[in-house]
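**Q** Under the heading ATP binding site, Swiss-Prot lists Pro84, Phe85, Ser86, Arg87, Gly88, Leu89, Gly90, Ser91, Ser92, Ser93, Ala94, citing sequence analysis as support.
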Amino acid sequence: MVIKVPATSANLGPGFDALGLSLNLFNIITINESPIFCISLNGEGSQNLNLKKHNMFISIFNEITRKFDTKLPNFRFVFENNIPFSRGLGSSSAVIVGAIASAYKICGIKIDKNKILNEALVYENHPDNIAPAAFGGFVSSVIYKNSVITQKSEIGEDIKAVVVIPDKQMQTRKSRTMLPKNFTIKECVTNLSHAAFLTSCFVKKDYKNLKFGCIDVMHEELRMQNLPELFEVRKIAYENGALMSSLSGSGSSFLNIVYKDDAKNLAKILSAKFPKFTVKILDFDNGGFAFE
């Protein structure tokens, strides 16, 4: 059995813990019966022995299969990790969603993405990454009576993501401690209005106006102070055709959306300016996790 789970970018500026989208960059997990339990790691984290000893995917997979009381053989898990860790690209969400979906498949349970998403909420209590990891596309989410309700819009093929990935990690939990506990009504209204406008742009595929929707006054500036180069990334992106430019999740990655014809030029400029950073041109994924 093979499952692929996409990277995701959340918040998108003002949509704190509510908005996210899916990128065409996947972790691929292969699970086969084996005489003994074993794990192989390739790609991101392959040299990290702790990922073998304390593997979150295996832990969640085992927890879910035990719930179904299914007697299972030993498995060999092969992880091809392409999503960078702790860079704001949904690496933990990919693990959570992938583990739950794999457990359902192995146990013969019908794959219901809504059910899997709500199961994932137990492990990550904000849906902005887990929702697009499940469904793909641009997703807005709310939590109502402890359940996630989502709306998905497919993203057009005329735009691409130019993602800047710094060499510095940024832990979401630590990043959240930097944020104020209270906001003014003006700040809240500003973010609400921009998040609503941004959502409308994605739904209508009116990408030329994305830059007016991705403005945030609650978290981005504070988080970007950990890596001041990101302010320059945003400035350069807008000077070279970016439709929107925002911190990806809690960082450290930065998401720039451009028309596809502008992607190579922006990536070239950003790579030259920030040689220590990785710059990727990515399509958007409209499917979410999938079995192959």
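Glycine too: its Cβ is placed from the backbone N, Cα and C atoms.
Computed from a predicted structure; not experimentally measured.
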**Q** Taking the Cβ of Gly90 (ATP binding site) as the reference point, list residues of the same chain whose Cβ is under 8 angstroms away and which are at least six residues distant in sequence.
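**A** Correct list: Pro6, Ala7, Thr8, Ser9, Ala10, Gly20, Ile83, Asn129, Pro132, Ala133, Gly249.
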**Q** For Ala94 (ATP binding site), which DSSP three-state class applies?
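**A** The three-state answer is helix.
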**Q** Compute the mean position of the Cβ atoms of Pro84, Phe85, Ser86, Arg87, Gly88, Leu89, Gly90, Ser91, Ser92, Ser93, Ala94, which form the recorded ATP site, and then list in sequence order the other residues of that chain whose Cβ is within 8 Å of it.
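**A** Checked against the 8 Å cutoff, the neighbours are Ala7, Ile83, Gly249.
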